[in-house]
Amino acid sequence: MGDFNLALVVVAVVVCVLVLLFNVYLLVNYQHPDDKNQAYFPKLVVVLGLSIAVISILMLPADVANRQACRHSIYNGSCNLTLPMKTLWLVVYITDAVFVFFFVPFAMFYYEGDQDKSVGKRLLSALLWVGVSVVACGLALGILYGTVGKVDFSVRHLSSAAATFPTSWTEFSRNQPCIATSARQCAAYLATASSESTWTMRASLPEYVVALATIVGSVLFTIFGGVGIACLPLGLIFSFIRRPKAVITRSQYIKEATELGKKAKELKKATEALRHDEKNGSKGRKWRKNVKAVEKELLLLEDDMKALEEIYPQGERAETAWAMTVLGYVGKLVLGVVGLIVSLAWVAHIVIYLLIDPPLSPFLNEVFIKLDDLWGLLGTVAFAFFCFYLLMAVVAGAMMLGMRLVFITIHPMKWGATLMNSFLFNVGLILLSSISVIQFCATAFASYAQATAAQEIFGHNLQSLRGIKYLYKYNIFPYAFVALAAITFLYYLIFGWRKKKPTARFQLSS
């Protein structure tokens, strides 16, 4: 048992180092050329924020493995070498909350500040904005914790009468487990409903901070995750269906390129008009709406340019480029089919295990347990994959809604063309959603993750917090998640196969 715990510590340290190196690799390859050799503080926030999010997701499988290290102990407390998972959970999630509500906003305000101002003024402006946000969040937290920061546990007083100790045990069986022969149930189970009462205690401040962050994250997770669990695989599949079937002629290429050139000139003119309004101080609601519209049109223009390059490859290796394009779409189809299977498994598991009471089947819980029996870490790896898939669905859902709803800002992640503010936005979204993903996974896989520290924090305490518990008692978030997933599935089945129509001439709203 000691060796297993030592191996768990070694694996945890190695994984943390690998996660840090992988996130540095992502930053280097995804960053925009304009951000090279500058914006070092935002880059540090991005790397550390992504690392915290990934490590927090991996902590749940580690918690399960940590519990399995003590499976031969009569109770968890007798296992002295168990990792202090509850303390680690609170440390990671308090750090997560600090990054979400302080470091990420500060880095975004600083990065997006007026470049004409000095570094000191930009720092001061970012500190003022973040300071106001911190004070507001601190006041809200203090008021809520002081008034409703309590945990209400429902308890039942059980009692039974004394009986003579039996001289033999032959009379006991599965149908007669109790000493008394007059009842087929033990006396303690015959307690009336009036014996139930509520035990109230003050929640610890760290746990309450995690609980509130989980509620905020759950709203985003339900909306973006519910949409993303459908659009992530279906977007890949329908991308294959709408793929170009053959290359175009040179005359067709010139015609399409000319239209894109006209669109680019229109967007340039609109951008100059917005810049002129910004210098004149006209940064009202209409200006912000126009900025988002221009950003959306620029993204669509970039996609159109990329599509045009795909269907008319140029250069000496044009045939090779077209072959790689075809293979790329085939890869999207394969990933889309695999993702669709995972998405359907997730939705089916939520319905079977969470929404139906009592659950029809343990479903994925049983799958993970059997995989662990097959090979020690196989179930843990599969468990971690399903948790990560939810996080990817959140980012995919945010991208889809951002392209279709004006009031949601678009922050795309593109290889070699991602600005730092888009990095920071997605890091904040991932950090905030990761808390909810862990809570959701700890609830959805309660049979597999039983007796873990995560289940104690996100199960018993969170679901008993005064005021908050009703959101979990009536499964508000799972119902909304499944509903949004179903709506998105229907949307793709009706409109997903259609090819995008050419956009009309772009004009700023007046």
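In case you wondered, yes, glycine gets a Cβ from its N, Cα and C as well.
What TrEMBL says about a protein is an automatic prediction, not a curated fact.
Positions annotated as coiled coil by TrEMBL: 250-311. Taking the coiled coil (250-311) as a whole, pLDDT averages 82 in the prediction.
As annotated by TrEMBL, transmembrane segment applies to 6-28 (among others). Nonlocal intrachain contacts for the transmembrane segment (6-28), taken as residues 6+ away from its ends with a CB within less than 8 angstroms of a stretch CB, comprise 43, 46-47, 50-51, 54-55, 58, 62, 65-66, 69, 83, 423.
The transmembrane segment annotation in TrEMBL covers 40-60 (among others).
According to TrEMBL, the transmembrane segment annotation covers 90-111 (among others). Within its own chain, the transmembrane segment (90-111) has Cβ neighbours under 8 Å at 39, 41-42, 45, 48-49, 52-53, 55-56, 59, 122-123, 125-127, 129-130, 133-134, 137, 206-207, 209-210, 213, 420-421, 424-425, 427-428, 431-432, 434-435, 457, counting only residues six or more beyond its boundaries.
Within its own chain, the transmembrane segment (123-145) has Cβ neighbours under 8 Å at 101-102, 105-107, 109-110, 113, 117, 203, 205, 208-209, 212, counting only residues six or more beyond its boundaries. The transmembrane segment annotation in TrEMBL covers 123-145 (among others).
TrEMBL lists 208-241 (among others) with the feature transmembrane segment.
Feature annotation from TrEMBL assigns transmembrane segment to 333-356 (among others).
Taken from TrEMBL, the feature transmembrane segment applies to 376-402 (among others).
The feature transmembrane segment is assigned by TrEMBL to 423-446 (among others).
What TrEMBL records for 476-495 (among others) is transmembrane segment.
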### Summary
For the transmembrane segment (376-402), the candidate among 40-60, 208-241, 333-356, 423-446, 476-495 having the most Cβ pairs under 8 Å is 208-241
### Message
Below 8 Å between Cβ atoms, which of the listed ranges 208-241, 333-356, 423-446, 476-495 makes the most pairs with the transmembrane segment (40-60)?
### Response
423-446
